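Please read the structure below before turning to the comments.
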Amino acid sequence: MKILISNDDGFQAPGIVALHDALKDIADVEVVAPEHNNSAKSNALTLAAPLYVHKAHNGFRYVTGTPADCVHIALKGLLGYRPDLVVSGINNGANMGDDTIYSGTVGAAMEAYLFGIPAIAFSQIEKGWAHVDAAAQVARRLVQQIERERMLDGGAFLLNVNVPNRPLQELKPIQVCRLGRRHSAEKVITQESPRGETMYWIAGAGGAKDSGEGTDFHATAAGHIALTPLQIDLTDHANLGQWRETVARLGN
């Protein structure tokens, strides 16, 4: 089994190091990750500037670009082979509910999925890397189970996994659940620059809004690992008919 590992926190982040160490003896692993933190870059690709790839002392390769850049470059020329699985993370903080739209961690996994390769994004629900090795063991066990069941042979899938920051023995079993929703983001933070200009900082994400039973928020709050299968199709299928009728009334 060949696995490509990436992330959005950068190639030196504890999460990607722990993930690599947990997977390196069950697969041939290659790390291609951003040079610097690229949180909230989603699926962004760098199109107006060249990208450079460097190799760190530990063998990790790092790119002067986004998480999606890293996976794109790796799959379309850098590796020279097609990996069986792409794993992204472990992210420093949750990627639940609406977070998945913005997440560079999910974006890296989604880039692989767009190329028809199975992919998993792993995140811890709290920042700070507490018990990151436990989250890495969760990743290892899930990857092993997926391989045992030969799911890598059945076409591409995209999974989003969020792990509570707990010791391994205190983690509750994986629950397969849907994405919840967050309240809208907090008000932007304004400051005055030394030149007297107003600066704006994006504030934190809103709290959980839809966190009922069956959501990723509910599962992780109860100590469970949350696993959500994702898809690319953004079509609002339920309202296609309504919009066809509306457009029809416009005439020619």
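Backbone N, Cα and C atoms are what each Cβ position is placed from, and that goes for glycine too.
Values in this document were obtained by computation on a predicted structure and should not be read as measured data.
The divalent metal cation binding site annotation in Swiss-Prot covers Asp8, Asp9, Ser39, Asn91.
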Within 10 Å of each Cβ, count the other Cβ atoms, then let me know which of the binding-site residues Ser39, Asn91 comes out lowest.
Ser39
So around the divalent metal cation site, Asp8, Asp9, Ser39, Asn91 aside, which residues have their CB within 8 A of the centroid of those CB atoms?
Asn7, Gly10, Ala13, Gly15, Asn37, Asn38, Pro67, Gly89, Asn92, Gly93, Ser103, Gly104, Thr105
